[in-house]
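Asker: So TrEMBL lists these for the protein:
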type     : residues : note
TRANSMEM : 63-83    : transmembrane segment
TRANSMEM : 118-139  : transmembrane segment
DOMAIN   : 127-220  : domain 'Nucleoside transporter/FeoB GTPase Gate'
TRANSMEM : 169-189  : transmembrane segment
TRANSMEM : 201-220  : transmembrane segment
TRANSMEM : 226-245  : transmembrane segment
DOMAIN   : 227-278  : domain 'Ferrous iron transport protein B C-terminal'
Amino acid sequence: MKDKKIIGKAKENLKNHPKVAEDISITRYGTASFIAKKVTQITPLEKGKKIEEKLDKIFLHKLWGPFTTVLFLLIIFGILLYLGNFMQGILMGLTENLLSSFTVTDQSIVNMILVQGLTGLAAGVSIALPYVFLFYLILGLLEDVGLLSRFIVNAKRFLKKLGLPGKSFIPLILGLGCTAPACRACRVLSSRKEQFHTASLFAFMPCSSRIAIIMGIVGFYGGTKLAFSVFATLLVAGLIWAFGIKKIIHIKSEPLLLELPPYRKPLIKNVLAKSWIRMKDFVYIV
């Protein structure tokens, strides 16, 4: 009987006080906040952490983040073109001197095959290798410094419009170095559709060896403007293809879960080791 009386009084009080659930929730959160204030100790950020916070405000900003990403990519592209061209000239001089010592007067088939084989190998080493090595060296530096993850976050917004996941940024960037490891990197993508969509864009992306050919042949005979017009044509064609595939293949958009590492000084030993691991596909396969 006593229980029934208590329940009856509670029901009457509920009618006079309809927002019981809200009050319980407010009381619960208020109590939790009070306890947190009592036990939490707030310490000021160290100088290094403050600098990291300021850098993240720039690199992860909605406007400045994509701008800095594009700017860094253009700088990388410029370094590849000019420094790669410089290294190419040095290697070509060395390989020409080396090949001159192998020239033979005997015009037999064996000697011709040997000389032509060495000439082709020397051309591959002197023309393509500087660009591939430089690209993977820069990529390793960006990864160790902690900028690559920030660039992926910024690129996700643009890639989403093309129907691509944020994780496809890594294979696409690797595609600028060499298509072979870029195709292998597509395995990180979760579905076959994403892998096909990303891999199909490699046809429009100039890898380091293609960049060397475009700048070495088109740039030499047609000038820099013609060479850049080739890159612009590839870019426009790639965008048209990406938008077209997006309409045909409907890929479900997934959230990007990515750990943002702290900013660090790169270790040259680690950068060189990673560059070689990535270059092995180019050296052994291509």
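Cβ atoms here come from the backbone N, Cα and C positions, even for glycine.
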Asker: What stretch of 169-189, 201-220, 226-245 shows the most Cβ pairs under 8 Å to the transmembrane segment (63-83)?
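Answerer: Between the candidates 169-189, 201-220, 226-245, the best contact partner of the transmembrane segment (63-83) is 201-220.
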Asker: Averaged across the domain 'Nucleoside transporter/FeoB GTPase Gate' (127-220), what pLDDT does the model get? Just tell me the whole number, please.
Answerer: 80
